[in-house]
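Q: According to Swiss-Prot, the Mg(2+) binding site annotation covers ASP355, ASP361, GLU364, ASP365, on the basis of sequence analysis. The domain 'B5' annotation in Swiss-Prot covers 302-377 and is backed by sequence analysis.
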Amino acid sequence: MPTIGVKRDLLFEALGKTYTDDEFQDLCFAFGLELDEVTTEKQMLTKEQGDVAAAANASEEIIYRIDIPANRYDLLCLEGLVTGLLVFQGKLKPPKFQFVELAKRQVLKIDPSTAQIRPYAVAAVLRNVTFTQASYNSFIDLQDKLHQNICRKRTLVAIGTHDLDTLQGPFSYEALAPDQIKFKPLNQTKEMTGSELMDFYSTHAQLKQYLPIIRESPVYPVIYDANRVVLSLPPIINGDHSKITLKTKNVFIECTATDRTKAKVVLDTIVCLFSEHCAQKFTVEPCDVVQPDGSVISYPELEVREERISVKRANAYIGIDEPAEKLADMLTRMYLEAKVDGDSLVVKIPPTRHDVIHACDIYEDVAIAYGYNNIKKSLPAFMQIAKQFPLNKLTEQLREQVAQAGFTEALTFTLCSRDDIGRKLNKNIDALPAVHIGNPKTLEFQVVRTTLLPGLLKTLVANRKMPLPLKLFEISDVVVADESTEVGARNERRVCAVNCNKTAGFEVVHGLLDRVMQLLSVPWKSASGTKGYYLQATEDPSYFPGRCANVMYDGVVIGKIGVLHPTVLQAFELTTPCSAVEFTIEPFV
């Protein structure tokens, strides 16, 4: 959930009323927001840097830090927040956004070469904008919040804003080799090629995290004007030539993307929120974007959608009984203009409310406007007896019984390193059905475990100073890649136990296997034709040769049991012999 910081005095001035902290907190709660903290810039810097001296010159102006729902992009800046609150209070009607047409539109042409890096682009113009220091800061902060939120740290969408008066259209969006691109980056004094720019910003506190998005690509995306002046190198940085200042009057906004829908949402959000600062409020100049196939699409769309909802169903879902007119008024206060049409409501969804994608989202806004605290508590109209999920119930029963058998339970991490389930167990990681993390933050958490064994062995290492024997177990899920499932992977509940002593003690884990099967009422298969479990000799690189067996049930391998291989013990820094058993319990549910 993103958090925005707004200066209290500016906020109250825009709202036209002064509130106490408690009163404003109540207003936020009624609107579905939360006042997270009342602080100052000085306190924030002191907290972040842990040094009072570093914040000595910081402002002591009161700042409200407000938690915003992750899908309410229209509330991520002061302008959007104020408009939303004023409409909610009935002090302002929802704005109507309009296009203004000049004799000639600005044009952005997408070159086919961009298909291999960031294939989509959208654009718009805000005319006759008046920036103050506060609105300028808000404009920059909104872009940052959008980049971190819907833009997914610029991987899906990158925003560029430029002083249009310093540029000459039409504009072109191309993809070129890094050394073919040369320009002066924002707030720098010398020109750099694409390759030099990557090296220069590799240690930059804010920008270094975005470099990997395009660094390894043979081409970098770049936007030029008619004079071949570089506007931006998305998603890294804008050019210094067209930077926005307080004197900027006409703003050219471009968004390049790997997701066209997200780009349209971002563009709509920016132009709707900051068209408030145009001389002619809530007006936007559209741009023509020429696609690689020659077709032309006009942006922004600023589409006002309509959704029809049932009054009866809205009341039933929320648990209230209000007339259609009252529900329409509630929705209008939530920035969704609604009109009564028989037993239904026709709801107009403005371009600022891209979070509304289903009738349920509208019902939620009705509930917020009505007030969750005002909904009367009531017992459900029907009775239903709940019961525990069978697999979880079996797990709880086995945990208790295995513990009573003398084993100590361990709860280990679901994520582990590639080496833990691969090299250390004498296995090829590429041959395992493992689910890999796309962007692991540490070497310890690279894949989802496919076996419980590494977690128990690492627990043994952490407790090797304890007296022997050490007998550990865990009953939990592993995750196995499976293309036949909808998400490409499935969970499997397993029990795993390890015995660590001066001797391997295979009979200890074998005895535990027998005890668990006894508890499950599964007999030992002593003759052909009878149903039960048995052991079948096998070889596994994780186990000592000749001392490993498959655990079989109804002719199917459900696990393994054996003495661990010395190289496995050495890889996990263990010096005492160990035996282990691991098998799935799902067939017994």
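One is the number of the first residue shown, and numbering goes on along the chain from there.
Yeah, the Cβs are placed from backbone N, Cα and C, and that goes for glycine too.
Note that this is a predicted model, so its numbers are computed, not measured.
Looking at the shown structure, can you explain where the listed features end up?
A: Within 10 Å of the C-beta of ASP355 (Mg(2+) binding site) we count 17 further C-beta atoms, all protein chains included. DSSP gives ASP355 (Mg(2+) binding site) a coil state; it is part of no helix or strand.
Remark: secondary structure over the domain 'B5' (302-377) totals 33 helix, 17 strand, 26 coil, with classes taken from DSSP.
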Q: Out of ASP361, GLU364, ASP365, which has the highest number of nearby Cβ atoms, where nearby means within 10 Å of its Cβ, if these are the binding-site residues?
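A: That would be ASP365, with the highest Cβ count within 10 Å.
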Q: Other residues with Cβ within 8 Å of the Cβ centroid of ASP355, ASP361, GLU364, ASP365 at the Mg(2+) site?
A: MET334, ARG353, VAL356, CYS360, ILE362, TYR363
